[in-house]
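Here is what Swiss-Prot records for this protein:
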type    : residues                                                           : note
BINDING : 10, 33, 102, 103, 104, 105, 106, 113, 114, 115, 116, 117, 123, 124 : mRNA binding site
DOMAIN  : 30-108                                                             : domain 'RRM'
């Protein structure tokens, strides 16, 4: 494996199995995790970009677990490992919807993983963000709840 397709240090804490089983799955996987997407990026845009590296088997958009709206990540699965490696090499760090996207190996999509794991339904990283990011819903979710006016007592 060349340097650009090596495994990162990230490991899914919810993986069902040992650390060595997870690493074995990652080394043979044809599935990629794609992060730092705009909430407005479409499946079609992702397909257009990733299909430049090979035949995409499936794209699974990450969704807010309560609202069922896009929340800034997806999984892209190829039919063959070499094409996934090409995407790791050439797509990781490129711009999509004016955002630098991150691509990492994934052990393989399992139903339920398409939902954000944060308390408010989206990704954990978007809950604690203190900066304004229009492509990811504005301010962080927890900060937005603190500064939003309470409309229950009117």
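Every residue gets a Cβ built from N, Cα and C, even glycine.
Known features from Swiss-Prot, placed on the structure.
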| residue | record | Cβ neighbours (10 Å) |
| --- | --- | --- |
| 10 | mRNA binding site | 13 |
| 102 | mRNA binding site | 15 |
| 104 | mRNA binding site | 15 |
| 106 | mRNA binding site | 22 |
| 114 | mRNA binding site | 17 |
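Secondary structure of the domain 'RRM' (30-108), assigned with DSSP and counted as helix (H, G, I), strand (E, B) and coil, comes to 18 helix, 31 strand, 30 coil.
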